[in-house]
Amino acid sequence: MKIVEVKHPLVKHKLGLMREHDISTKRFRELASEVGSLLTYEATADLATEKVTIEGWNGPVEVEQIKGKKITVVPILRAGLGMMEGVLEHVPSARISVVGIYRNEETLEPVPYFQKLVSNIDERMALVVDPMLATGGSMIATIDLLKNAGCTSIKVLVLVAAPEGIAALEKAHPDVELYTASVDKGLNEHGYIIPGLGDAGDKIFGTK
């Protein structure tokens, strides 16, 4: 599995701000979108382009455009919504597929409860977004759904990832690509990433 920890100074700085314990909901939400945007920049760096001729201000001019690669953004509810706008800044014409999966706090197992995928997902590259890759259960379940629907090109974008989650994802889906702002130390006894970000969903939506 291709694993990319984005080490750009802007990514590290913004992620560091997000780790503040008393960060406001507004600021956390803004930064989640901004880091999501920067991760998208990295994840789409290998998109193929083609040369086309357009009418410029002084006559015909040859330019490069992305070569027919359709994209769907797949936020995992609910926290993934906090990164979605940042992704769409770079790919505004992308279609949106939504997957709802929550983690049982006792068993730590993923529980699917909703999915709405674009009809031609087999023709698209999926950018799956979720702030945290902890145990990997929710991400693996989401990718299972996408593959069952025919999607074969999948990239995962997360703010922070635990080594345990990375290992689980690689074992289940070695063909996907992972882009993260940080590989953190690991999980605590409750299955939360350390140092992590706390509960990203609560911080994005202002709930507890």
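Glycine too: its Cβ is placed from the backbone N, Cα and C atoms.
Cβ contacts within 10 Å of MET132 (5-phospho-alpha-D-ribose 1-diphosphate binding site), excluding its own Cβ and spanning all protein chains shown: 27. Following the DSSP three-state reduction, the secondary structure of MET132 (5-phospho-alpha-D-ribose 1-diphosphate binding site) is strand. Annotation source Swiss-Prot lists 5-phospho-alpha-D-ribose 1-diphosphate binding site at ARG78, ARG103, ASP130, PRO131, MET132, LEU133, ALA134, THR135, GLY136, GLY137, SER138, ASP199.
Under the heading uracil binding site, Swiss-Prot lists ILE193, GLY198, ASP199, ALA200, citing sequence analysis as support. According to DSSP, ALA200 (uracil binding site) sits within a helical segment.
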Measuring CA to CA, name the entry from the binding-site residues ILE193, GLY198, ASP199, ALA200 that ends up nearest ASP130 (5-phospho-alpha-D-ribose 1-diphosphate binding site).
ALA200
Measure from the CA atom of ILE193 (uracil binding site) to the CA atom of ALA134 (5-phospho-alpha-D-ribose 1-diphosphate binding site) and give the result in Å, rounded to a whole number.
6
I'd like to confirm something. Which of the binding-site residues, ARG78, MET132, SER138, has a Cα closest to the Cα of ASP199 (uracil binding site)?
MET132
List only the single closest residue to ARG78 (5-phospho-alpha-D-ribose 1-diphosphate binding site), chosen from the binding-site residues ILE193, GLY198, ALA200 by CA-CA distance.
ALA200
